[in-house]
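Below: one structure, written as structure tokens.
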Amino acid sequence: MLKQRTIKSIVKTVGIGLHSGRKVELTLRPAAPDTGIVFSRVDLPTPVDIPASALSIGDTRLASVLQKDGARVSTVEHLMSACAGLGIDNLYVDVTAEEIPIMDGSAASFVFLIQSAGIEEQNAAKKFIKVTKPVEIRDGDKFARLDPYFGFKLKFTIDFRHPAVDKTGQELEVDFANTSYVREIARARTFGFAHEVEMMRELGLARGGSMDNAIVLDEYRILNNDGLRYDDEFVKHKMLDAIGDLYVVGHPLLASYTAYKSGHGLNNALLRELLAHEDAYEIVTFDDPKAAPTGFGFDAQTAFA
């Protein structure tokens, strides 16, 4: 059977929170089958466990924020994206602040951390959410949509009307049957505009933001001396975010995702719309790994590619 996965050993790292600017300690621990991805605020007097779930996402203005009993864990999308890309089903994430550290602004540090811990299969069938009917959410000209598809592919279009962004790819389509997440998506960094960063800092946000963890643009150009990691890094990062946003549903999706100018809020609304229609999806497993869609096999996802 196609099996669930966790990590082999405990790994730790330290980084800063993008918005708080404070030091955050992050510990990843193995978890038993059917645990899911569980975030734990270990800095609180009584630690609070917050399982990743579409219905636990609260604030989505600047990041995806998990909330439970007054406790929050913000900016979960890059770590969730890495878990999705490597096929991690079960994991405990201990964090000492209300923010996952931003690291270099991409998912690459989390991929490295998980690969350093080692990935192991568990004696339980991996569960997928198979989309059986189209589901769509619109907000003005923005939209996000899921269609039935035997695999996982995404098509994302951005439109920032900025000269530096316009010169790069505005549209990207990826099918993980023939694309390596680690090689093609994981290193794409978050990006922001200098004037917005100043405004956010005045509001007490983005205190940890810098060119070490984001692509920063002025009105005309990219300010980072080292330029871009991918020719189409902007749209690739939006896809990285979407992969993480969608993975909070609890299982990998078997679906085709199409989006235009979507963000954390629209992605979460799409998941809620899916879950509200029980006839639009089903939970499936694969007794024979060869019967599963290409790209979800252990070797395909966990290779050091």
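The backbone N, Cα and C atoms fix where each Cβ goes, glycine too.
Since the structure is predicted, the reported quantities are computational estimates derived from the model, not experimental observations.
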Residue among His19, His78 sharing the Zn(2+) site, where Swiss-Prot lists His237, Asp241 as binders: His78
Among His78, His237, His264, the most crowded of the recorded positions [Cβ within 10 Å]: His78
For the Zn(2+) site built from His78, His237, Asp241, further residues of that chain with CB within 8 A of the site's CB center: Glu77, Ser81, Ser106, Ala107, Ala188, Arg189, Thr190, Lys238, Met239, Leu240, Gly244
Cα-Cα distance linking His264 (active site, proton donor) and Asp241 (Zn(2+) binding site), given in Å to the nearest integer: 8
Separation of alpha carbons, His264 (active site, proton donor) and His237 (Zn(2+) binding site) (Å): 12
Cβ neighbour count (within 10 Å, all chains shown) around Asp241 (Zn(2+) binding site): 24
